[in-house]
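Structure first, then comments.
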Ligand SMILES: CC(=O)N[C@H]1[C@@H](OP(=O)(O)OP(=O)(O)OC[C@H]2O[C@@H](n3ccc(=O)[nH]c3=O)[C@H](O)[C@@H]2O)O[C@H](CO)[C@@H](O)[C@@H]1O[C@H](C)C(=O)N[C@@H](C)C(=O)N[C@H](CCC(=O)O)C(=O)O
Ligand SMILES: Nc1ncnc2c1ncn2[C@@H]1O[C@H](COP(=O)(O)OP(=O)(O)OP(=O)(O)O)[C@@H](O)[C@H]1O
Ligand SMILES: N[C@H](CCC[C@H](N)C(=O)O)C(=O)O
Ligand SMILES: [Mg+2]
C-alpha cells in the first residue's frame, strides 16, 4: 500500500502559482497534521477548518487544500508562508479523489447502498451472498467492517482518508468484493466520491436527519448524489420501485445511462415479490427474476426483509454472479445483529425481538412487519436519541401507539439532552403509554407483560453495546437485557 511521498500532481491537485509539494500524508484535522502533510481545511457544520491553517503550518503542513472562503479566512496565517495552496470549489470532493489516489488499491467490485432504512441489512446480505458463493467479501457500515476483513468504524460511511486506507488494506488482504453503506451525511460530504462503484442501490426515503439537512428535498438530493455523481455510467442502479421516490431515482439513473433493476411488489419490477407467507420463525418468499419464478425459505422476520434480500441479490447479479447460484444461497442468509433479531423466548413461548428502528417509518415498518408472525399482542419499548432530529420524536411515539398493543416509552441515547424532555416529546405521540426512564427496567416490565403468543419489540438501539448519557458511554445491550429479564422472570437466575 502506498504510504510513500507523493506530489500534488499525483493526487490530481494544482496549487496556486503551479507550486509543488512533496507530501507525506493527508489530514482533515489540524491536530493530526505531521510534517509534510497536506491539510484539507474544509468548511464544516460548526466551523471552517481554515481557521486552523496556522496550527497546521506550525505542525509542518506542506500544502493546504481549501475553498475560496477558506483561503480568505486563512490569509493572515498564510501571509509570508511559502506553503502550496490549492483552492478549489469543492475541497471535500478534491480530498476524496486525492485519498483514492493516495491509497490506490480498492477491492475489484464495490457496491454502495443508500436510503433511510435498510442500508446495513442490504450491505450485510450482499456480503453474505458473495461469501456463500465462495468470494472474499466484506461489508462496511454502521456495524463496522464485517466478513473476510474486520475492523471497527466510527461512521456509517467513513471519511475519505479512513475509507480509502480501509479499502486499500482490504484489497491487500485479498478482499475482492465490498458492499458499503452510503449515508446522506457521507454523500453530502463527498466521503465516497473516490470509490469505484460497479452498482448502487436505493432502498427508501422517509424522515430522518432533519437536524442536518434543511428539508426532505435536500435530504433526497444528497441521496441522489450516489447516482448523479458517483456511480459511473456503465454501473447498475438497483432501485426499490415501491418507494414513492423510486421512479425519480430510476429516471435519474437511466438519464445517466445506468442499467436499472427495479425491486419490489410493483408489476414493473424486474425482481418482483409476488407472495410471502409468514410464521413464527421466518417466511416463505415467492418472487420473479426476469419473469422466472423462484420460491425460497428465509429465516428472517419481517416482510421488508424480503425487499432487502432481493436488493442484495440484484446487486450480486449486477456484479456478475449467476442467477441460479444466487437464488440457491438465499435461504442461508442470517439476520443482521440488532435487526428483527430474536433475543430471547419466555417459558410461555412469547418472543422478544431487538430492532434498530430509530425513525418514525422504521418503528411503524418494524411493528407492522412483526404482526403476521405473532398470534397474540405486540408490546413495544420505544425511545428517541438526544442531539438528533427533534421533530421525529412524537412521530415515533405515534407510530408505536398505532402499531403496538402496549407501549413503554424509555430512554435511548440521551446524549447531552435532558432525558425527561426527550421522553415527554415521544409521549406526545402515545399519551396512553407507560413512561419508564430506566431502559433496563422498561425492558423488564415489558417482558413481564408478555403472555402466551405475545411478542415484544425493543426498538432503537439494535446492535449498540453502550448507552450514551451526557458524553459518557455506559455498557448496555438490548439483547442481553432481554435475556436477563426473561431469566429473572422465568426463574432461571
Ligand atoms: C455533521 C457531520 O457529519 N460532521 C462531520 C464533519 O465534521 P465538520 O467538518 O462539520 O466539523 P467541524 O467541527 O465543523 O470542523 C470543521 C473542520 O475543522 C477541522 N478542525 C477542527 C478543530 C481543530 O482543532 N482542527 C481542525 O482542523 C475539522 O477536522 C473539520 O474538518 O466532517 C468530519 C470529518 O470528515 C466528520 O468526522 C464529522 O462527523 C461527525 C463526527 C458526526 O457525528 N457525523 C455523523 C452525524 C454522521 O456522519 N453520521 C452518518 C450516519 C447517519 C445515519 O445514517 O444514521 C455516518 O455516515 O456515520
Ligand atoms: N427496507 C426497509 N424498509 C423499511 N424499514 C426498514 C427496512 N430495512 C430495515 N428497516 C428498519 O430500519 C432499521 C434499521 O435497519 P438498517 O440498520 O438495515 O438500516 P440503515 O439504513 O443502515 O440505518 P442507519 O442509517 O442507522 O445506518 C431496522 O431495524 C428496521 O426496523
Ligand atoms: N446513526 C444514527 C443512529 C441512531 C440510533 C439511536 N439509538 C439514537 O441514538 O438516536 C444516528 O446517529 O442518528
Ligand atoms: Mg446503517
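Numbering starts at 1 and runs along the chain as it is shown here.
Cβ coordinates come from backbone N, Cα and C, glycine included.
Noted in TrEMBL for the protein shown:
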DOMAIN    23-100  domain 'Mur ligase N-terminal catalytic'
DOMAIN    113-316  domain 'Mur ligase central'
BINDING   115, 116, 117, 118, 119, 120, 121  ATP binding site
DOMAIN    338-462  domain 'Mur ligase C-terminal'
BINDING   388, 412, 413, 414, 415, 460, 464  meso-2,6-diaminopimelate binding site
MOTIF     412-415  motif 'Meso-diaminopimelate recognition motif'
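Shown here: features listed in TrEMBL, placed on the structure.
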residue	record	Cβ within 10 Å
115	ATP binding site	26
116	ATP binding site	21
118	ATP binding site	26
119	ATP binding site	26
120	ATP binding site	24
121	ATP binding site	28
412	meso-2,6-diaminopimelate binding site	25
413	meso-2,6-diaminopimelate binding site	25
415	meso-2,6-diaminopimelate binding site	16
464	meso-2,6-diaminopimelate binding site	21
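For residue 115 (ATP binding site), the nearest of the binding-site residues by C-alpha distance turns out to be 460; the candidates were 413, 414, 460. Listed in sequence order, the binding-site residues among 116, 117, 119, 120, 121 whose CB lies under 6 angstroms from an atom of ligand 3 come out as none at all.
Counting only residues at least six positions away in the same chain, the Cβ atoms of 356, 357, 358, 381, 382, 383, 384, 385, 412, 478 sit under 8 Å from the Cβ of residue 460 (meso-2,6-diaminopimelate binding site). The record gives 388, 412, 413, 414, 415, 460, 464 for meso-2,6-diaminopimelate. Within 8 Å of the mean position of their Cβ atoms, the other Cβ atoms in that chain belong to 358, 383, 384, 385, 386, 411, 461, 467, 468.
Selection of the binding-site residues 119, 120, 412, 414, 460 by a Cβ distance under 6 Å from ligand 4 yields, in sequence order, 119, 120.
For the meso-2,6-diaminopimelate site, whose annotated binding residues are 388, 412, 413, 414, 415, 460, 464, the maximal Cα to Cα separation is 17 Å. Not one of the binding-site residues 413, 414, 460 has a CB under 6 Å from ligand 2.
Nearest neighbour of residue 118 (ATP binding site) by Cα distance, taken over the binding-site residues 388, 414, 464: 464. When Cα-Cα distances from residue 116 (ATP binding site) are compared across the binding-site residues 388, 413, 414, 415, 464, the shortest belongs to 388.
Taking the mean position of the Cβ atoms of 115, 116, 117, 118, 119, 120, 121 as the ATP site, the remaining residues of that chain whose Cβ falls within 8 Å of it are 113, 122, 181, 203, 204, 308. Annotation note: residue 415 (meso-2,6-diaminopimelate binding site) sits in a strand segment as assigned by DSSP. Distance from the CA of residue 464 (meso-2,6-diaminopimelate binding site) to the CA of residue 120 (ATP binding site) is 13 Å. Taking 388, 414, 415, 464 as the binding-site residues under consideration, the smallest Cα distance to residue 121 (ATP binding site) is found for 464. With the fewest other Cβ atoms inside 10 Å of its Cβ, the least crowded of the binding-site residues 388, 414 in this structure is 388. Proximity note: of the listed binding-site residues (388, 414, 464), none has a CA within 10 Å of the CA of residue 117 (ATP binding site).
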